[in-house]
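Here TrEMBL flags 25-47, 59-78, 98-118, 139-158, 205-225, 237-259 as transmembrane segment. As annotated by TrEMBL, domain 'G-protein coupled receptors family 1 profile' applies to 41-287.
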Amino acid sequence: MAQGNFSRVTEFILLGLSDTRELQVLFFTLFLLAYTMVLLGNLLIIVTVRTDPKLSSPMYFLLCNLSFMDICCTSITAPRMLVDLLSRRKAIVFEGCIAQLFFLHFVGSSEMFLLTVMAYDRYTAICKPLHYTAIMSRWACWALVSSCWAGGFLHSIIQTLLTIQLPFCGPNTIDNYFCDVPPVIRLACADIYVTQWLMASNSGLISLGCFLVLVTSYLFILATLQGRLTEGHWKALSTCASHVMVVTLFFVPCIFTYLRPFSAFPFDKYVCVIYTTFSPVMNPLIYTLRNNEVKESVWRLWKRCRV
């Protein structure tokens, strides 16, 4: 810590998921496997969608962007965690901690908005099929994705500014494997009552709001299809079911983490694993194994690569 009229924290110590060596080796193996699956699975989706003209619909354009966001989101936390699992001293400088916090919220909130857009895409395709191509035009898709990134940046910059204006002069130990808003601001040498509620209103309400919009869109879809399910509708509902699985894995832990005062629970860091690592692993599995068009495109890509 730098010395002066007061001591200011220049680095944080991450406690990680466990201090037991055997468990650290086990976690390293599991998370290395998970991170590899995230990279390979999502890269496969991106390459498949980009190279197959048959996957040119808005749904696959949005899926390609979701895969890119999954890679970015996991890469913000996983490499650092893997290094720390093999290190004795798990320190991160103050600036690095703030940067990790900023990019995690930037990409994470952008992904929340994108999942909401994907739900709107499914709603339009199923409930307004005659107007689908006009509503979800190429220009509209690019505008929606750009809005997701812009909304994510605005959210993240607010969170970051609220964090860096706090004084950090006391303990510097974070009971987690990455820097996030709740554990970081609990270390501030100031009254954080107002700040924590501002942050909860920001992150928590965004998570809850997007989740409610998603649930509402699926209720509208079910109400529209009630009593007149065709083979095409069953196919669409199957896609929606995959989307619901992704949404549940991603949003429920985020709502639990951010929509409450930032009191610490021992299992908070394990809840974080779900939306930072487990959900990005599941996305390529869900969207490839449950989607015949993607599976056929992957198979065609594999045959072209073997020639």
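Even glycines carry a Cβ here, placed using N, Cα and C.
No curator has checked TrEMBL annotations; they are predicted automatically.
Only sequence-distant pairs (6 or more apart) were considered; of these, at least three Cβ pairs between the transmembrane segment (59-78) and the transmembrane segment (139-158) are under 8 A, so the stretches are in contact. In the predicted model, the domain 'G-protein coupled receptors family 1 profile' (41-287) has a mean pLDDT of 86.
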